[in-house]
Amino acid sequence: MGFKHKDIIALKDLSKDEIELLISTAENMREINSRDIKKVPTLRGKTIINLFYESSTRTRTSFEIAGKRLSADTVNITASTSSATKGETLLDTAKNLEAMKPDIVVMRHAVSGSHYFLAKRLSCSIINAGDGAHEHPSQGLLDMLTIKDRYGRLDGLKVAIVGDITHSRVARSDIAGFTMMGSRVFLAGPPTMMPPGVERLGNVTVCATMKEAIQDADVIIMLRIQQERQGKTLIPNTREYSRYYGLNPENLKWAKPDAMVMHPGPINRGVELSSYVADGANSHVLKQVENGVAVRMAMLYHVSGGTLVTE
């Protein structure tokens, strides 16, 4: 099947077949990343603008690398260097950028739904690199790819997601993707960080304790506390949080012995993950980062409608 979307804004907007296509393409893209010369002419002549209104290390860098490895011209713009600091609106910024004829705009923005707003008004493709607490589709895809690498499948696996569910766009993309692919998703976190009606996000089980969520889990995805989105303190302190919802060698034993431990980054060591676990044999955090480049190459490729050229 072909990929028929101009934009990639949320995994919930995609079908199971489309998610499988993106993951399959990412698997093929990894061969390029293993070469001595990591470049193919697939997107030669295309222009990609990475427009980031929020800070980012992994996502922005990997989107830039992904574009360059496909031979696209990439331009990076951050909020601090844009006219947003002078009061320019998002739409005016986007319209001015579109006047320069880019093919794809990859954007991260603090406002949920901002990508839908632009997609209706711009002719170029829009890829969501994270919008508020709404979604982070590339993170969801790379999480699924990383798990598929290990188990060869996603259906039937027990996936525990632990932490600040309310403010996490990663949680929403993971829930959408994993439930669509047949995984069993279990959620745990402080009641103040569990959104009302979370069951509406997908076929999930909300657990009263962390132990219930990670008991016999195949995969544990730990989320950081999104303090920049909370506006107020939702936990007494990080030490108390870590006591009940931090992953350490002792409570990791509740999961399966070979359970995968994952984290979207940045990690707050000693809060959601102990250093022993973050650096241990169960950790797949760096594999997630590695797969992020291939996944973002696949996303750029499919929204461009190009034909893969590998020579």
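Just so you know, glycine gets a Cβ as well, placed from its N, Cα and C.
Together with Arg58, Thr59, His136, Gln139, Gly265, Pro266, the carbamoyl phosphate site in Swiss-Prot holds one more listed residue from Arg30, Arg108, Arg184, Arg200, which is Arg108. Among the binding-site residues listed (Lys86, Arg169, Arg224), Arg169 has its Cα nearest to the Cα of Gln139 (carbamoyl phosphate binding site).
Largest CA to CA distance in the L-aspartate binding set (Lys86, Arg169, Arg224): 32 Å, whole number. A 10 Å radius around the C-alpha of Arg224 (L-aspartate binding site) takes in these binding-site residues out of Arg58, Thr59, His136, Gly265, Pro266, in sequence order: Gly265, Pro266. Between the C-alpha atoms of Arg58 (carbamoyl phosphate binding site) and Arg169 (L-aspartate binding site), the distance comes to 15 Å. For Arg169 (L-aspartate binding site), the binding-site residues whose C-alpha atoms fall inside a 10 Å radius of its own C-alpha are His136, out of Thr59, His136, Gly265.
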